[in-house]
Amino acid sequence: CTCPHGWTGLDCGEDVKECSSSPCLNGAHCMESDIPGEFSCTCPPFYTGLLCEQAYNPCDLWHNPCLHNSTCRAKSDGTSLC
């Protein structure tokens, strides 16, 4: 048999465990989905993207939430403080 995406085994009856290959990056937590072939990543602070592959600074020029030239400080949980 040639199994469709998300299935494996002699008769394609076994759900592939997508998280077993550790697809999430930068220490992210992988969560299996009830839908065969799907998973999601819970990113740690300062990372974003489907696989948590993109570094994120909440105080960079494009995301800085602080107004009127106030100083932005990145907190350890990945949020910012003005």
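Cβ atoms here come from the backbone N, Cα and C positions, even for glycine.
Some features that TrEMBL has for this protein:
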DISULFID  C3-C12  disulfide bond
DISULFID  C24-C41  disulfide bond
DISULFID  C43-C52  disulfide bond
DOMAIN    1-13  domain 'EGF-like'
DOMAIN    15-53  domain 'EGF-like'
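C52 (disulfide bond) falls within neither a helix nor a strand when secondary structure is assigned with DSSP, and so counts as coil.
Measuring Cα to Cα from C52 (disulfide bond), the disulfide-bonded residues that fall within 10 Å are C24, C41, out of C3, C12, C24, C41. According to DSSP, the domain 'EGF-like' (1-13) comprises 0 helix, 2 strand, 11 coil. Using a 10 Å Cβ-Cβ cutoff, C3 (disulfide bond) registers 15 neighbours. On the 0 to 100 pLDDT scale, the domain 'EGF-like' (1-13) averages 88 in the predicted structure. The closest partner of C43 (disulfide bond) among the disulfide-bonded residues, by CA position, is C24; the full candidate set was C3, C12, C24. Each residue contributes its Cα atom, and for C3 (disulfide bond) and C41 (disulfide bond) those atoms are 25 Å apart.
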